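*Asks:* One structure follows; several queries about it will come next.
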């Protein structure tokens, strides 16, 4: 069946902001779907609230709406655009839930919109646990024994039937949000209460425990003629009980016999047929009991998922692209496989001659109070994938690509320590983020495969592989460097050992080891990912390294530029940097360069095989980058686009003779090194908060007295504000130094005077060495002290006088020219009274670049990439700042709901995982829409609770007056209430938590409060008011921890509920007029 001609326009729903469980894999699938459908001549309309995505670029769709993905908003877009069809399978759980809402509210029927890719019944049958259970029984497949509950009474009835331990999962939530494993009644009641609260349908599925079972996934694609292919089988290294997003996974499955594989294969096809997936990809998850071989179906997702992004990158088969074409009527045999240049049809199952390993990346160091144990609720924030010819090689490559300070199976424990064995037993039994390293330590401690298997049920095949690597390490330790001959070196490199790990074992520097390896003539070769195990020749350069005979890299002699990506997502370094890398590749390709991308993150658009001319799916480490440079000999390498990851390599690459283009590593160092930076600030007569760099406790206390409290303290060279704190007195400083000196490994600690109540600004600029153009000035809504990645910001600024803005422009230009920036630069400034302070300068791409580009209609990342390659801003015709005639607000999105026990207060350490954008004619409208996009429900009336620190008291009267005019009643704690009364306003007093009951938390628990403004100062007051914020989060009450955000909310509420939807393309056209 060729494509349908009865539909002309298709609406695609995106996934919204990046949250744990739903990351940039949906940008990758959505971008592919847009491309695939436009190629076929359809008009594509896209809705996504996340400005940091490639899919929201104005060139990706015919009409782009950066608007909240809520059915009310989408209904307005449908009314305006009148699409014929809606494709809901590309935007994760967010898009599916929104599509079901549109169906239920009658919007699709009213405007005659057909759902394609999956219909409402299919989605419901797969997502609704009881319907799914019945469907599986009808085709003779078992599901775990389970029951469904809509209340605590029903939950207890199910428990009687199943017993402990049991697994609890809320319906229609994603990444296992709200679920968990209960071993006793107390835990059971706590998890059920949380789950009922978080499930949009107030429904729980309670399963028998399958903990310790083996877990497998099948990625299946099916068309409407019932052609089915298995793209890839995936095996979880961690047994059941750990969410698949937090498991180490391996593709293809390693421990299945051929017969077992065929059984799973047939079962997964039967599942798709029964559920009715006719057009596109699904993943089906199975559990198998290692003792009895009993098989159960755990779940299926009738959409493109995290696993399908992994399967696409692992095999080279573009699932999302194919799924989009199937949704408009094609069948698999009609589509050709792009990777083999059309030599094979899409109905050929990929076959692979290598092993892929995915490791999750966690961010527990950001959330001190979080429970770091892995359960059925997803907690990882990113992932890394590696390709090798054996499991050992791909595992070791993934370990070093993770960027957690290891270069392989580094030891975690000092085994001579008396406590070490009990720590080891605990870490092996209860899964945590570092279990694989403890498994290696267990072998070092002399434990056997059987003993370890008995503790954690990890398949013995995997354990034997790790044991073998540990044996090799023990052997190398006894040798000197000269004793490693060519044969041994070759054997070790084939097993994936990094130069850095071998150097550590032998006791030499990494550089010495590399020189020795090169002398022995041991170099990697590069193989291609081609979907057909090299059966057909392929022109697609999607490459990975291994140590074998034949090299398939086949480099050209064209002018090449290499872009280093950002590695795995983490808090502080996410999709924004990937966006910049993609834009650099697109711009330089257009200009005739051959572009080479190096990255190891399977979720992103940068690792799509057609983003750049050549893709090396490799860890972004010194060794791996140098080997690629040796083969490709690029004319230039870009390090300023991938966040901190490539920047850390800049000096070493430069020393090895790699041509780094753009801002020089020395200039980057001048901005990052405090003492050199200070000299520059003084030379330009600019202001900086008084500061000092200290190397001991005594020195710190003396310096603090001179600078004056409060202080911002932090280790030098960090991204995302890791281990930053604000201290208000000497005992707090002493406590910080005791805890933080470990963070800084003898590197100094920085003290800055904290600018209390200052307004912060972010400025992005592009410089070509002679001219500087300001991209935008953004005003932060939260005042200084909140990390810039966590603060909401407004473009253009909503309350900065023009003369201050002009002064800031001048300062930024001076610094750019002084540093000799070539490319992008970001400056953070603070305004206290009339004084402008320079907080920091980053001569690289910053996380605001995508947001700014969407606001001003110009891609800064593309312009800066061309500047790095030698063009001037005049040649590029970008010579003056574009100031939009509308307001845009960027708001951060946080993962606090996933981490019970963590305080949802904002501070100098970054905690957000993603962002949304709201656009409006006024600041209030834009702010209101950004809140909506971040799934924050703004109250329209009720009772507002206010309690603020002394510094904020002068501002409280205006906020209280606004709220009363908007119809709120005010309650406040004694000190704040006194001020509000003094202004002649009506207020009710309420006790602080420390003052006895009934207190404010009682009011929150009784749902008597609808809005909370709670600001704090110092460690004690933060601790005292913790329960206010945590309860507000659990009861979904809008809570802000800064007075400035309180003022912004009043603006948003004045705007009211009526919001207009705006096409990005129209906004940009208005700027050019």
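Backbone N, Cα and C atoms are what each Cβ position is placed from, and that goes for glycine too.
According to Swiss-Prot, the record shows the following:
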- 129, 169, 175, 176, 208, 210, 215, 241, 242, 243, 285, 299: ATP 1 binding site (BINDING)
- 285, 299: Mg(2+) 1 binding site (BINDING)
- 285, 299: Mn(2+) 1 binding site (BINDING)
- 299, 301: Mg(2+) 2 binding site (BINDING)
- 299, 301: Mn(2+) 2 binding site (BINDING)
- 714, 753, 755, 760, 785, 786, 787, 788, 828, 840: ATP 2 binding site (BINDING)
- 828, 840: Mn(2+) 3 binding site (BINDING)
- 828, 840: Mg(2+) 3 binding site (BINDING)
- 840, 842: Mg(2+) 4 binding site (BINDING)
- 840, 842: Mn(2+) 4 binding site (BINDING)
- 133-328: domain 'ATP-grasp 1' (DOMAIN)
- 678-869: domain 'ATP-grasp 2' (DOMAIN)
- 936-1073: domain 'MGS-like' (DOMAIN)
- 1-403: region 'Carboxyphosphate synthetic domain' (REGION)
- 404-553: region 'Oligomerization domain' (REGION)
- 554-935: region 'Carbamoyl phosphate synthetic domain' (REGION)
- 936-1073: region 'Allosteric domain' (REGION)
*Asks:* Say you check the Cα of residue 842 (Mg(2+) 4 binding site) against those of the binding-site residues 208, 242, 301; which is nearest?
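*Replies:* Ranked by Cα distance from residue 842 (Mg(2+) 4 binding site), first place goes to 242.
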*Asks:* Give the mean pLDDT for the region 'Allosteric domain' (936-1073) on the 0 to 100 scale.
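*Replies:* Mean pLDDT, the region 'Allosteric domain' (936-1073): 89.
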*Asks:* At the Cα level, what's the spacing in Å between residue 840 (Mn(2+) 3 binding site) and residue 755 (ATP 2 binding site), rounded?
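*Replies:* On Cα coordinates alone, these residues lie 14 Å apart.
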*Asks:* How many Å lie between the Cα of residue 208 (ATP 1 binding site) and the Cα of residue 787 (ATP 2 binding site)?
*Replies:* 43
*Asks:* Of the binding-site residues 301, 785, 787, 828, which sits closest to residue 285 (ATP 1 binding site) by Cα distance?
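*Replies:* The smallest Cα gap between residue 285 (ATP 1 binding site) and any of the binding-site residues is with 301.
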*Asks:* Please report how many Å separate the Cα atom of residue 215 (ATP 1 binding site) from that of residue 301 (Mg(2+) 2 binding site), as a whole number.
*Replies:* 16
*Asks:* Of the binding-site residues 129, 242, 299, 301, which sits closest to residue 714 (ATP 2 binding site) by Cα distance?
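*Replies:* For residue 714 (ATP 2 binding site), the spatially nearest of the binding-site residues is 242.
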*Asks:* Show which residues of the chain containing residue 301 (Mg(2+) 2 binding site), separated from it by at least 6 in sequence, have their CB under 8 Å from its CB.
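*Replies:* Same-chain residues close to residue 301 (Mg(2+) 2 binding site) (Cβ under 8 Å, separated by 6 or more) are 126, 282, 283, 307.
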*Asks:* Rounded to the nearest angstrom, how far is the Cα of residue 129 (ATP 1 binding site) from the Cα of residue 299 (Mg(2+) 1 binding site)?
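*Replies:* For residue 299 (Mg(2+) 1 binding site) versus residue 129 (ATP 1 binding site), the Cα atoms are 9 Å apart.
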*Asks:* Roughly how wide, in whole Å, is the group 714, 753, 755, 760, 785, 786, 787, 788, 828, 840 that binds ATP 2, by largest Cα to Cα distance?
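*Replies:* About 18 Å separates the two most distant Cα atoms.
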*Asks:* Do you know the DSSP helix, strand and coil residue counts for the region 'Allosteric domain' (936-1073)?
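*Replies:* Counting residues per DSSP class in the region 'Allosteric domain' (936-1073), I get 72 helix, 22 strand, 44 coil.
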*Asks:* Per DSSP, what is the residue count of the region 'Oligomerization domain' (404-553) in each of helix, strand and coil?
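*Replies:* When I sort the residues of the region 'Oligomerization domain' (404-553) into the three classes, I find 76 helix, 12 strand, 62 coil.
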*Asks:* Roughly how many Å separate the Cα of residue 755 (ATP 2 binding site) from that of residue 242 (ATP 1 binding site), to the nearest whole number?
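*Replies:* Residue 755 (ATP 2 binding site) and residue 242 (ATP 1 binding site) have their Cα atoms 44 Å apart.
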*Asks:* Calculate the distance in Å between the alpha carbons (Cα) of residue 129 (ATP 1 binding site) and residue 785 (ATP 2 binding site), and round it to a whole number.
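*Replies:* The separation of the Cα atoms works out to 45 Å.
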*Asks:* Return the residues near residue 242 (ATP 1 binding site) by Cβ distance under 8 Å, restricted to its own chain and a separation of at least 6 in sequence.
*Replies:* 236, 374, 375, 376, 431
*Asks:* Going by DSSP, give the three-state secondary structure for residue 242 (ATP 1 binding site).
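*Replies:* Coil, per DSSP.
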